[in-house]
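Database features (TrEMBL):
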ACT_SITE  291  active site, proton donor/acceptor
BINDING   141, 208, 229  Zn(2+) binding site
BINDING   152, 232, 233, 240, 269, 326, 327, 328  substrate binding site
DOMAIN    61-399  domain 'Amidohydrolase-related'
């Protein structure tokens with residue numbers, strides 16, 4: 001039984017460096033009831049102490065990774081596995097734990113209306129646990145995107161806002177559970193739709209677009225706060241009209257607004273030089289995403305994503321079958337963080353923030369996720385100095401451990417006080 005006044009067990013993780021307020025600090029991490037605990041209040045107000053002490057052996061502790069753009073993985077495609085969407089979500093959620101991802105936004109790509117109407121109501125928000133990473137909400141990517149920048153999205157299902165908000169309701173039927181919406185801002189009536197999304201606390205991201213800078217700035221003025229996979233599926237940067245990329249240094253971003261942008265840091269979708277340009281122009285908004293498809297974790301071959309067949313090649317690319325058109329990645333969040341660090345020579349803290357704090361801030365949940373601040377959710381990972389994931393915790397519970405290679409078995413040295 002706990003030896004404190006509280007009936008809950010108090011855990012102390014010691015001999016570690018924790019990412020806190022953007023800095024790695026030599027500090028212990030205290031957990032109670034699935035939350036990060038302020039030890040000063042424990043010591044001085046409650047006269048309490050740790051029931052269980054865990055030696056981290058000088059590992060780093062970071063908040064768990066958050067992936068806001070993931071189409072599937074481990075053989076599951078969120079946009080086409082209609083019959084077994086709940087089972088598929090659980091499979092992906094479980095698999096992500098090994099890569100340090102504790103929360104994610106399942107992403108639904110351009111599909112016919114009947115697919116949205118079958119899938120969206122069945123994707124439920126849920127907390128993470130030993131059963132898998134938490135579902136923060138749905139990311140809808142399409143069909144209100146540019147025909148010219150559709151990428152892997154099937155053109156026959158693309159739509160415009162002929163009737164404005166009515167087109168949105170006719171397409172999706174419900175927006176319950178939707179947290180992020182990608183739109184091409186050059187579409188007529190898009191600003192009105194953006195405003196309606198923001199009213200419903202849905203974050204709006206611009207992408208799959210040929211928009212010029214003025215159109216992109218108008219979208220931000222209407223409430224958009226994010227860019228979907230910067231550089232991919234958008235007009236190229238030009239010195240007289242930098243397009244959506246120009247938002248990174250635009251002087252028309254409203255005061256107090258942080259513009260975030262996703263980067264697929266897999267070494268394939270974005271050249272390291274482009275990654276460095278974005279990072280140096282606007283490091284505060286850089287947010288790592290995988291854009292992973294169902295082939296993540298699967299071998300070379302042909303797989304199905306949405307309504308398309310996709311080839312996974314020997315050099316780690318995922319392309320529309322028979323073409324060289326990229327349609328997603330097979331990278332994981334831990335690899336994105338490591339590649340970003342190597343490509344940009346940023347600090348370890350900046351690399352970790354790009355996979356944790358920044359996506360949480362973009363979604364408006366930074367008080368609970370993407371942080372090790374007091375009273376936040378105790379979703380965190382243990383990393384070695386090369387940023388390899390050693391263990392994953394959700395709500396203070398060990399849910400994956402590298403040494404054992406499976407879930408739920410504590411292998412880090414643990415001392416229970418009597």
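Cβ coordinates are placed from backbone N, Cα and C, and glycine is handled just like the others.
Note that TrEMBL annotation is computational and uncurated.
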CB-centroid shell, 8 A cutoff, Zn(2+) site 141, 208, 229, site residues removed: 69, 142, 145, 151, 182, 205, 207, 228, 232, 233, 291
Other C-beta atoms that fall within 10 angstroms of the C-beta of residue 327 (substrate binding site): 24
Pairwise CA distance, residue 328 (substrate binding site) versus residue 208 (Zn(2+) binding site), rounded so that it is a whole Å: 13
For residue 269 (substrate binding site), nearby residues of its own chain (Cβ under 8 Å, 6 or more apart in sequence): 229, 231, 232, 291, 326, 329
Which of 152, 233, all binding-site residues, has a Cβ with the fewest other Cβ atoms inside 10 Å: 152
Rounded Cα separation (Å) that holds between residue 233 (substrate binding site) and residue 208 (Zn(2+) binding site): 5
CB contacts for residue 326 (substrate binding site) [other CB atoms within 10 A, all chains]: 20
Sequence-distant neighbours of residue 141 (Zn(2+) binding site) in its chain (C-beta under 8 A, six or more apart): 69, 107, 108, 109, 110, 153, 182, 207, 208, 228
Segment confidence, the domain 'Amidohydrolase-related' (61-399), expressed as mean pLDDT: 95
Fewest-neighbour residue among recorded positions, criterion Cβ within 10 Å, set 208, 229, 232, 291, 328: 232
